[in-house]
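Take a look at the structure below.
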Amino acid sequence: MPQRIVVKVGSNVLTRDNGKLDVTRMSALVDQLAWLRDKGYEVILVSSGAVASGRGELKASHKLDSVEQRQLYSALGQVKLINLYYDLFREYRIPVGQVLTMKENFASRREYLNQRACMSVMLDNGVLPIVNENDTVSVTELMFTDNDELSGLIASMMDAQTLVILSNVDGIYDGPPDDGTSRIIPRVEHGRDLSSYIRQEKSGFGRGGMITKCNIARKVADEGIRVIIANGKRDGILTSLVTKPGETPHTEFVPAGQSVSGVKKWIAHSESFAKGTVRINRKAAEALCGNRAVSLLPVGVTEVEGDFETGDIINIVDEDGVKIAIGCVGCNSDEARAAIGKHDQRPLVHYDYLYLE
Ligand SMILES: Nc1ncnc2c1ncn2[C@@H]1O[C@H](COP(=O)(O)OP(=O)(O)O)[C@@H](O)[C@H]1O
Ligand SMILES: N[C@@H](CCC(=O)OP(=O)(O)O)C(=O)O
């Protein structure tokens with residue numbers, strides 16, 4: 001089986017300081033992606049840059065609000081972006097396919113599997129998928145936080161071994177990135193808290209910032225996928241990460257030893273579609289978080305909020321309201337309420353459909 005790698009390229013990697021598309025950088029990245037394919041990797045590219053590259057294309061007829069700007073510039077810019085990728089990859093005879101998607105397209109298991117089938121058939125036929133959010137029609141409330149979130153979802157859905165997030169910094173620093181005394185954190189083990197190091201700011205053209213990168217990286221690494229954050233503006237970054245990782249600055253999120261099942265991966269990335277919340281008592285929380293594989297039984301449930309149907313996603317919180325798991329529920333909300341605190345009932349969430357945070 002070939003190693004599958006998802007490479008996410010941030011807006012600021014692809015744009016110059018003046019906001020124009022950096023064609024030289026794109027070309028250098030394509031050279032490296034082609035090299036990876038040549039080395040036997042299966043590559044999926046998640047590329048930002050549509051809005052940034054559309055900005056310089058046109059002078060708008062009136063002052064645009066932020067949604068209009070995103071819609072107009074992404075529509076203009078995505079054409080330019082994909083056209084360039086097409087030309088650059090054609091030099092290597094690599095066929096590319098465009099995948100424009102939205103958060104809603106991952107809402108149900110059926111849609112999720114449909115997206116997966118689409119990308120699988122591309123990979124099976126040697127096509128390199130180039131993925132971006134469909135910013136022209138994505139509604140603000142239902143958008144991905146940014147393409148880091150989308151790339152994590154894609155890496156998880158496509159069972160990739162590695163996700164490389166290319167930004168304009170060498171990795172996560174243990175202090176302000178522009179402070180000479182700050183150092184790159186080379187490895188992040190499971191459970192390590194990085195929140196005190198990360199500042200709110202984003203790069204000039206980015207959307208989510210380092211906080212989303214970290215949250216996504218952690219979640220994806222916990223599913224058994226190696227995540228690397230590195231600098232896409234460094235020459236030869238992808239080839240160096242493969243050939244001389246020890247000499248190449250980057251932050252690696254160490255993957256969990258055990259990989260997670262396909263259904264659990266889908267559930268892990270579905271929290272924004274949760275239709276309800278179930279509160280459980282202390283003993284139930286301890287059982288779920290223990291070492292054994294345990295389903296959530298109604299006897300441990302103290303409260304059921306929201307209206308949901310069998311198969312919907314729900315959040316599971318402890319006595320203090322702290323979220324401990326997400327699950328795909330085995331009954332509807334009326335049945336769940338009727339079973340609260342009762343013994344000898346069917347599981348509310350079976351272990352196979354339970355993802356612990
Ligand atoms: N501790 C930190 N280490 C590295 N970068 C940080 C840190 N805290 C905040 N940042 C900021 O996060 C930015 C990268 O995130 P973002 O703007 O979303 O980039 P991209 O467009 O590549 O997704 C960096 O340019 C940096 O200014
Ligand atoms: N879909 C947008 C990407 C926005 C985004 O997430 O940017 P970034 O934080 O640089 O990855 C675009 O192509 O402009």
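A Cβ is built for glycine as well, from the same backbone N, Cα and C atoms used for every other residue.
Taking Cβ-Cβ distances under 8 Å and a sequence separation of 6 or more, the neighbours of LYS8 (ATP binding site) in its chain are LEU45, VAL46, SER47, SER48, ASN147, ASP148, LEU150, SER151, LEU163, VAL164, ILE165, LEU166. According to its DSSP assignment, LYS8 (ATP binding site) is in a strand. As annotated by TrEMBL, ATP binding site applies to LYS8.
Residues or ranges marked as substrate binding site by TrEMBL: SER48, ASP135, ASN147. In the structure as shown, the Cβ atom of ASP135 (substrate binding site) sits within 10 Å of 24 other Cβ atoms.
What TrEMBL records for 276-349 is domain 'PUA'.
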